[in-house]
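Trainee: Would you mind keeping the following structure in view while I ask a few things?
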Amino acid sequence: MATRRLMLLGAPGAGKGTQAQLLMQELGLPQVSTGDILRAAVKEGTPLGLEAQSYMNRGALVPDAVVVGLIEDRLARPDAGGGWILDGFPRTPAQAEALDGLLAHLAQSLEAVVLIDVPEAQLIERLTGRRTCPLCKRIFHVRFNPPPAAPPFCTDHTDCPSELVQRPDDTLEVVSKRLNVYRESTEPLIRYYQEQQKLTSVDGDRSPEVVYSELRELLG
């Protein structure tokens with residue numbers, strides 16, 4: 001039987017979002033993203049959403065207990081009963097232990113943790129090479145998906161500005177910091193799931209189609 005409850009790990013730029021979308025399309029599983037859950041709860045004005053907003057408004061980290069509560073609410077919904085793809089949580093071993101507890105409470109289990117492994121030099125090239133249209137937010141890449149030589153850059157409007165922009169998050173300085181944070185927080189998490197014998201990895205330094213083919217083979 002195919003794996004139906006899984007987690008994707010990987011550094012920024014590894015392609016987790018792309019692979020999650022492909023899995024969603026083929027398997028019909030919901031992607032459970034902490035960012036999406038937080039935004040939805042705040043918008044809906046749920047008790048946990050309001051509590052999370054109180055921290056976010058101060059620029060503080062939302063406590064683990066609040067995030068775990070939001071994830072538990074999401075995993076308890078009917079569309080997640082047949083499986084899910086967890087993205088963005090946990091980020092630390094403490095959060096992983098909390099996840100184990102809530103899954104036990106829901107009588108569910110995490111069946112597989114897949115690490116999409118990409119060399120750091122390739123991650124930096126992927127992230128720093130992105131360029132965005134400031135009007136429609138379409139994303140190009142100076143190497144992998146170069147824009148037209150001259151405007152209009154986008155097919156859905158003809159009033160593109162003369163230059164695309166690099167988002168602040170995609171500068172070399174910020175990308176390097178994001179990768180440092182990822183290494184510090186995720187390496188203990190990788191060991192945590194290795195000890196549970198749930199971790200497997202795929203080489204993410206290939207085309208999305210090739211990575212997905214190996215991912216599906218691993219999941220059965």
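Every residue gets a Cβ built from N, Cα and C, even glycine.
So Swiss-Prot says this about it:
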| type | residues | note |
| --- | --- | --- |
| BINDING | Gly13, Ala14, Gly15, Lys16, Gly17, Thr18, Arg130, Ile139, Phe140, Arg206 | ATP binding site |
| BINDING | Thr34, Arg39, Ala60, Leu61, Val62, Gly88, Phe89, Pro90, Arg91, Gln95, Arg167, Arg178 | AMP binding site |
| BINDING | Cys133, Cys136, Asp156, Cys160 | Zn(2+) binding site |
| REGION | 33-62 | region 'NMP' |
| REGION | 129-170 | region 'LID' |
Trainee: Cα distance, Cys133 (Zn(2+) binding site) to Gly15 (ATP binding site), nearest Å?
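Mentor: Their Cα atoms are separated by 21 Å.
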Trainee: Counting across all protein chains present, how many other Cβ atoms fall within 10 Å of the Cβ of Arg91 (AMP binding site)?
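Mentor: For Arg91 (AMP binding site), the count of other Cβ atoms within 10 Å is 18.
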Trainee: In the structure shown, which of the binding-site residues Gly13, Gly15, Gly17 has the fewest other Cβ atoms within 10 Å?
Mentor: Gly17
Trainee: With a 10 Å radius around each C-beta, find which of these binding-site residues (Arg130, Arg167) has the fewest other C-beta atoms nearby.
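Mentor: If we count Cβ atoms within 10 Å for the binding-site residues Arg130, Arg167, the smallest count is at Arg167.
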Trainee: Fewest other Cβ atoms within 10 Å: which of the binding-site residues Ala60, Val62, Cys133, Cys136 wins that one? Let me know.
Mentor: Ala60
Trainee: Can you give the mean pLDDT for the region 'LID' (129-170), rounded to a whole number?
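Mentor: Summing pLDDT over the region 'LID' (129-170) and dividing by its length gives 82.
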Trainee: Highest Cβ count within 10 Å among the binding-site residues Phe89, Phe140: which residue is it?
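Mentor: Result of the Cβ crowding comparison: Phe89.
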Trainee: Between Thr34 (AMP binding site) and Gly13 (ATP binding site), what C-alpha distance do you get in Å?
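Mentor: A Cα-Cα distance of 17 Å.
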Trainee: Listed binding-site residues are Gly13, Gly17, Cys136, Phe140, Cys160; which of them have CA atoms within 10 A of the CA of Arg167 (AMP binding site)?
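Mentor: Matched binding-site residues: none.
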